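The structure appears below as structure tokens.
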Amino acid sequence: MELRDKNILVIGMALSGISAAKLCLEKKANVTVYDGKSKEQLIDSIKLLDDFKPKFIFGDFDYTILNDTDLIIISPGVPLDLPFVKKAYELNIPVWSEIELSYRFCESDIVAITGTNGKTTTTTLVGQIMESYYDSTYVVGNIGIPFSQIVCRTNEDSKVIAEISSFQLETIHEFAPRVSAILNITPDHLNRHKTYENYINAKLRITENQTKDDFCILNYDNEICRDLVNKITCNVYFFSKESFEYEKGVYIKNGLLCTNINNKEEKIIDVTELGEHNVENIMAAVAITLCMNVPLNVIKDVIKNFKGVAHRVEYVTTIKGVKYFNDSKATNEDAAINGIKSMKSNTILIGGGMDKGSSYDDWIKAFDNKVRGLILFGETAHKIENAARENGFNEIYQVDTLEEAVYKAYSLAKSGENVLLSPACASWDMFKNFEERGNLFKQCVYELESQ
């Protein structure tokens, strides 16, 4: 694709926006970078572009710039219903995600992984498996490294593993992975997508440019995913915690993880060797990497040594017989329910954060006599408390900060119990991201341990 002398507007100065701007500038485009924050708020981001000298616009949007704009690269955190974005569409200016931009310069086979929950764990595991077999493998996307940061290093022999969110999929056009995966779909980000149907359709877009030679991996146990098969034109393999009678994919049979993708039943690993919260992620990773022609023995070896990832039911330490777990990545009800299910004994639960439009009823019903106390903080504290009391749960404590929540949990938990941070909410009301929230939780726990 030729970008030389094109007038490109990059909207948003987070990681992907900065990286996209650099790529466009390296391709000799004329780049303007816009962010609604003030220049003073973005000093660190501006410094990252010091060597490239793009034009900057801060604060209120200057609509006149649209008159000469050939292409817009929009960051995933920027809603498409903002007035200046709608105006761009009216003017028929192409609006691309950073993922779409990067795809146009990529000659490699791409694995693209989406879903409401499990994306990062699955992407990480797929990356580790692929790295064990292929010499040139890159793990990118929503996981933290922008695709555009590495795309110029790839070639036709490279493999790119991309974690992709619904926000990024809203603005793809030609993006076509060799293998796509939709791990699950449950209500999330309804404050952005407005309706559940819109959210489902955004996820489905990951398959829209795939051909009959490509593959899509779907969760058979998730009804929404299972029903998508009729809308997908490429080859579909399923994964399921049950055994298959007619389908091909990865499944559990007699307590063993098995696959029939290679046209015969092959046993992979005893399920008891896997963390319960990771079983579906591991099944998806097996299906994905088999489609990428990785030998089963390589897959088995990596799975046996996989330790999971930070902030996903991450064991922190034990203090006075109480185990502490960091599940800060549980930013919605479904993920938080999985966090509770993974606990083997009574639990003091810490929750709350920014509201994404959830009711929290299903989460509270999943307490199921396992949650002994609920400590709430953040924007949703009152909403969750009201929902909990309506569902008959009354052992509730509200605090102002995460630090206070940890100390309160420490005072409540008894030997043999757990303390679990599993917020069921986004982090952006009080933190930069879920990682910052999880790291603060761990810091507070370690401080308690050292007392």
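Quick reminder: no glycine exception, Cβ is built from N, Cα and C everywhere.
Whatever TrEMBL says is automated annotation, not expert-curated.
Taken verbatim from TrEMBL:
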DOMAIN    113-288  domain 'Mur ligase central'
BINDING   GLY115, THR116, ASN117, GLY118, LYS119, THR120, THR121  ATP binding site
DOMAIN    311-425  domain 'Mur ligase C-terminal'
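What TrEMBL annotates, mapped onto the structure for a quick look.
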| residue | record | Cβ within 10 Å |
| --- | --- | --- |
| GLY115 | ATP binding site | 27 |
| THR116 | ATP binding site | 23 |
| ASN117 | ATP binding site | 26 |
| GLY118 | ATP binding site | 27 |
| LYS119 | ATP binding site | 24 |
| THR120 | ATP binding site | 21 |
| THR121 | ATP binding site | 28 |
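Averaged over the domain 'Mur ligase central' (113-288), the predicted model has a pLDDT of 94. According to DSSP, the domain 'Mur ligase C-terminal' (311-425) comprises 35 helix, 30 strand, 50 coil. Highlighted in sequence order, ILE113, THR122, LEU183, ASN184, ASN281, ALA335 have their Cβ within 8 Å of the centre of the Cβ atoms of GLY115, THR116, ASN117, GLY118, LYS119, THR120, THR121, the residues recorded for ATP, and are not part of that set.
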